[in-house]
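Undergrad: Below you'll find the structure I mean.
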């Protein structure tokens, strides 16, 4: 979890309030977007009385993100208004839950990218063709395996201990507030275990599949352009849009993995600035990815627009 070493108390906390506002906005958008993804896919499951692989992954992904962003919202509020939160049993529970849900989110997004890559990409290799035929059988097992790995890795954080130095304080002249210093012990072995067990496998899978998918789409686009007769081709435009979306997903995923590593390993906790930046960056990926999923899916997009119109109508009647 985002664990900056400095937690402050004073009468007016403009920086704290600004950080809380930004994180709360990101988490609220993410929870609403993930809720829409979950609701639409759940309704589809009930109506069809069957669940596809994509629907199953999206349901798991949206549920994990709703839980994750709810914990982020609770944690950031508690850290600002109640320092004792970090010495409580509740903190350890929320810390383990935060890491577990973050790992699950990374794995589910990576498996979604892997599934789309296998279904969409076109490579003339026997092993790839065999994978295409068996991917639907393998995915449920891979999903359960990812949950098990996430849970096992997150248990490492259940024994996380803080060394609190109440006598030390730092003064920040720019923001004009006093900060109590909380030091978290960490070492290279812990950071290596954290990265290798929870972040590196899904990160490698996502980067590899997204990059190969972009390569496959670009190659197919070039072939269509060479054989195209008209000035505009809807298929080419669709491929270019898919390349842009996948590139955006890839950037957000790498950014989130880096922020998660820095957050849970306490590497940047000595810096107030970077601690705040990490806290603001962490909710960006789950919220941004969920919004992009909605924009790229006609059914989800219709539900999103309907919700926006309902909110706009409510605000008009209210004010």
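Each Cβ is built from the backbone N, Cα and C atoms, and glycine gets one as well.
As the structure is a computational prediction, the values presented were derived from the model and not from experiment.
Pasting the relevant annotations from Swiss-Prot:
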TOPO_DOM  1-16  topological domain 'Extracellular'
TRANSMEM  17-37  transmembrane segment
TOPO_DOM  38-65  topological domain 'Cytoplasmic'
TRANSMEM  66-86  transmembrane segment
TOPO_DOM  87-97  topological domain 'Extracellular'
CARBOHYD  95  N-linked glycosylation site
TRANSMEM  98-118  transmembrane segment
TOPO_DOM  119-137  topological domain 'Cytoplasmic'
TRANSMEM  138-158  transmembrane segment
TOPO_DOM  159-194  topological domain 'Extracellular'
CARBOHYD  167  N-linked glycosylation site
CARBOHYD  176  N-linked glycosylation site
CARBOHYD  190  N-linked glycosylation site
TRANSMEM  195-215  transmembrane segment
TOPO_DOM  216-247  topological domain 'Cytoplasmic'
TRANSMEM  248-268  transmembrane segment
TOPO_DOM  269-273  topological domain 'Extracellular'
TRANSMEM  274-294  transmembrane segment
TOPO_DOM  295-319  topological domain 'Cytoplasmic'
Undergrad: Near residue 95 (N-linked glycosylation site), how many other Cβ atoms are within 10 Å of its Cβ?
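TA: For residue 95 (N-linked glycosylation site), the count of other Cβ atoms within 10 Å is 20.
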Undergrad: Do any residues of this chain, six or more beyond the ends of the topological domain 'Cytoplasmic' (38-65), have a C-beta under 8 angstroms from a C-beta of it, and if so which?
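TA: Contacts with the topological domain 'Cytoplasmic' (38-65): 30-31, 101, 104-105, 108-109, 111-112, 115, 135-136, 139-140, 143, 286, 290, 293, 299-300, 303.
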Undergrad: Sort out the residues at least 6 away from either end of the topological domain 'Cytoplasmic' (119-137), same chain, that have Cβ-Cβ distances under 8 Å to it, and list them.
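TA: Contacts with the topological domain 'Cytoplasmic' (119-137): 53, 212-213, 216-217, 220.
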Undergrad: Pull the DSSP breakdown for the topological domain 'Cytoplasmic' (216-247) and write it out as helix, strand, coil residue counts.
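TA: Once the DSSP states are binned, the topological domain 'Cytoplasmic' (216-247) shows 26 helix, 0 strand, 6 coil.
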Undergrad: With DSSP helix as H/G/I and strand as E/B, how many residues of the topological domain 'Cytoplasmic' (295-319) fall in helix, strand and coil?
TA: 23 helix, 0 strand, 2 coil
